[in-house]
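As written in TrEMBL, here are the features:
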- 1-53: region 'Disordered' (REGION)
- 42-52: compositional bias 'Basic and acidic residues' (COMPBIAS)
- 60-302: domain 'Endonuclease/exonuclease/phosphatase' (DOMAIN)
- Asn62, Glu90, Asp204, Asn206, Asp301, His302: Mg(2+) binding site (BINDING)
- Tyr165: active site (ACT_SITE)
- Asp204: active site, proton donor/acceptor (ACT_SITE)
- Asp276: site 'Important for catalytic activity' (SITE)
- His302: active site, proton acceptor (ACT_SITE)
- His302: site 'Interaction with DNA substrate' (SITE)
Amino acid sequence: NMKRGKKTDDGSADGENDAGSASAKKAKKSKEPEAPVLYEDPPDKMTSKDGRSANMKITSWNVDGLRAWVKKNGLDWVREEAPDVLCLQETKCSEKALPAQITSMPEYPHKYWAASNDKEGYSGVAMLCKTEPLKVTYGIGKEEHDKEGRVITAEFPNFYLVTAYVPNASRGLVRLDYRKTWDVDFRAYLSELDIQKPLVLCGDLNVAHQEIDLKNPKGNKKNAGFTPEEREGFSQLLAAGFVDSFRELYPEQANAYTFWTYMMNARSKNVGWRLDYFLLSSSLLPGLCDNKIRNKAMGSDHCPITLHIAV
C-alpha cells in the first residue's frame, strides 16, 4: 500500500489503476506500449481580442531549487525567452546563498526575493523585473503564512502582479487543513488588491482544477492537488472575479500540463498535471493575448509558462 500511495502522490499514477482489469489484461497480451499524447504549444498570439498588441510579457516557473536550476542552464532559457518580468517559485534558497549568475543578471536590474524564515531550503519565491515596479510587498499580511516565503506583489502603473507558491497539501494530506485556511486568506488578500487595481496572479497554485487538467483524475481524487477541497478553493477564486487565462483561451485543450513527477518517466509519457497558472482580474481580459505552456524547457519538474498581455 505504501508503494502505491507513493506512486500516485505527485500525480504519477499513470492510468493503470483506473483501467478495467479486462482491458489491462488485453494491453499486457498485445505488449503495445501506449503512444504518449503530447501537447504542442501553438505559435504565440500577440494581439488581444480588442485588437491591441501585447506590451507585457511575464514568465512564471517553479524551478524546484534555484541553485540546481541555474546549474542546469535555466538562465539560458530565460535570456532566450526574455520576459519583462520573471517570477520563480520553490527557489529553496536564502538570499545570501543565491548564485552570482542570477544576482548579477544585467537584464533584470530589479530583483526581489522571499525565502522561508524557519526552514532553509524550503519554499521561496522571486520576481525579476526589467523596469522598476512602483512598489513591492512580501507576503499577504498574515504571519502564519508569510513566514514561509510564498508571495511577492509588485505594483505597476496599470496592474498588480502577484506571484505565489501555494502550500502543498502534502502526502497523506497532512497539510490540507492548513491549505484550506491559506485558500480563504489568500483569496481575501487578492480581492482586497483587486478593488484598488486589477491584478495578474501567476505561479504554482498546487491544484489541478478540473479533470481535463491532469492525466489521471480517477486515481488522484484523494491525493494532494486534486482533492475536492482544493478544487473548490480554486473555483472560489474564479467566483471572486478572476479568470484562468489558459482555459479562457483553450477551453477544450487536454494534455496541456506544467508538472510531471520525476518518477516513472512521467514527462516523456506526458503523464502530468496543470498546476501553474496565470489568473487575471476580469477587467484585464480584453487585453489577454496568449498563455503559453513552454513544455520543451527543461531544468525542473515543472515547465515555465508565459503570458502575453496588453495592459
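Using N, Cα and C of the backbone, Cβ positions are placed for all residues, glycine too.
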Other CB atoms within 10 A, centred on Tyr165 (active site)
24
Asp276 (site 'Important for catalytic activity') and Asp204 (Mg(2+) binding site), Cα-Cα, nearest whole angstrom:
4
Among the binding-site residues Asn62, Glu90, Asp301, report those whose Cα falls within 10 Å of that of Asp276 (site 'Important for catalytic activity'); none is a fine answer.
Asn62
Contacting positions for the compositional bias 'Basic and acidic residues' (42-52) when only residues 6+ beyond its ends and CB under 8 Å are counted
249, 285-290, 292, 308-310
For Asn62 (Mg(2+) binding site), the nonlocal same-chain Cβ neighbours (under 8 Å, six or more residues apart) come out as Leu88, Gln89, Glu90, Tyr165, Gly203, Asp204, Phe259, Leu275, Asp276, Ser300, Asp301, His302
List the residues of the same chain that sit at least 6 positions away from Asn206 (Mg(2+) binding site) in sequence and have their Cβ under 8 Å from its Cβ, in sequence order, or write 'none'.
Tyr165, Val166, Pro167, Asn168, Ala169, Arg179, Ala224, Gly225, Glu230, Leu275
Of the recorded positions listed (Glu90, Asp204, Asp276, Asp301), the greatest number of other CB atoms within 10 A surrounds the CB of Asp204
Within 8 Å of the Cβ centre of Asn62, Glu90, Asp204, Asn206, Asp301, His302, which other residues of the chain have their Cβ, at the recorded Mg(2+) site?
Asp64, Gln89, Tyr165, Thr258, Phe259, Leu275, Asp276, Ser300
